[in-house]
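According to Swiss-Prot, the coiled coil annotation covers 70-135. Taken from Swiss-Prot, the feature compositional bias 'Low complexity' covers 1-11. Here Swiss-Prot flags 40-59 as compositional bias 'Acidic residues'. Residues or ranges marked as compositional bias 'Basic and acidic residues' by Swiss-Prot: 60-106. The phosphoserine annotation in Swiss-Prot covers Ser11, Ser13, Ser20, Ser127. The feature phosphothreonine is assigned by Swiss-Prot to Thr109. The annotation phosphotyrosine is assigned in Swiss-Prot to Tyr254. The region 'Disordered' feature in Swiss-Prot is assigned to 1-108, 217-238.
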Amino acid sequence: MAAAAAAAGDSDSWDADAFSVEDPVRKVGGGGTAGGDRWEGEDEDEDVKDNWDDDDDEKKEEAEVKPEVKISEKKKIAEKIKEKERQQKKRQEEIKKRLEEPEEPKVLTPEEQLADKLRLKKLQEESDLELAKETFGVNNAVYGIDAMNPSSRDDFTEFGKLLKDKITQYEKSLYYASFLEVLVRDVCISLEIDDLKKITNSLTVLCSEKQKQEKQSKAKKKKKGVVPGGGLKATMKDDLADYGGYDGGYVQDYEDFM
């Protein structure tokens, strides 16, 4: 009986050993905690994937924002153009108002009134021209004298040289002197009396110098015409005397022959 009981006990232990199943998760991961860490790692992978989706969404949002920036820049440019047009119109209205109802803070001479009207008219024409250029998109690229906008003394000196070269190329024309007379009068009409006196004095000095040069040139021509010994008339008289003496000798010889 004892031997049978021992054999039965060994059989039970063998069955227990044969059918015992180890947890593969514990065998590989080293326990329940390790197995749990493994699944948590897989969850983290899913989180990374979610972050990639977030990055894609952010890129899409940035791409959608860029056109909005461009639109806002266009709006700013359009607003600037409108503001400039408003200022231009306001300036035109002020000029028109001054032309229709000129203010007279002081008593002006007829010349000064004419100069003021001409100046305002010129401003209005320039304003209209600029507005037309902006409306039709005309290119304002200019060169030479038209490109200059003198503000300093050196700028005006250079501007004067270019202007002189432009005008003096027509000095051989029959209408050049009358053209300058009208031009000088028109450009000086808005000047003050003191400035006009300076210009007048400068022209007076120039006129005196030209008169001296003319007198000197006439004196040189007279000296060239003078001949020693009585001049041209004396020379002609001597020639006639010689001719007469020759005639007299010829007649005398003819009479002796007869």
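Going from the start of the chain as shown, residues are counted 1 onward.
Placed from the backbone N, Cα and C atoms, the Cβ positions cover glycine too.
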Could you tell me the C-alpha distance between Thr109 (phosphothreonine) and Ser127 (phosphoserine) in angstrom, no decimals?
27
State which of the following modified residues has the fewest other Cβ atoms within 10 Å around its Cβ: Thr109, Ser127.
Thr109
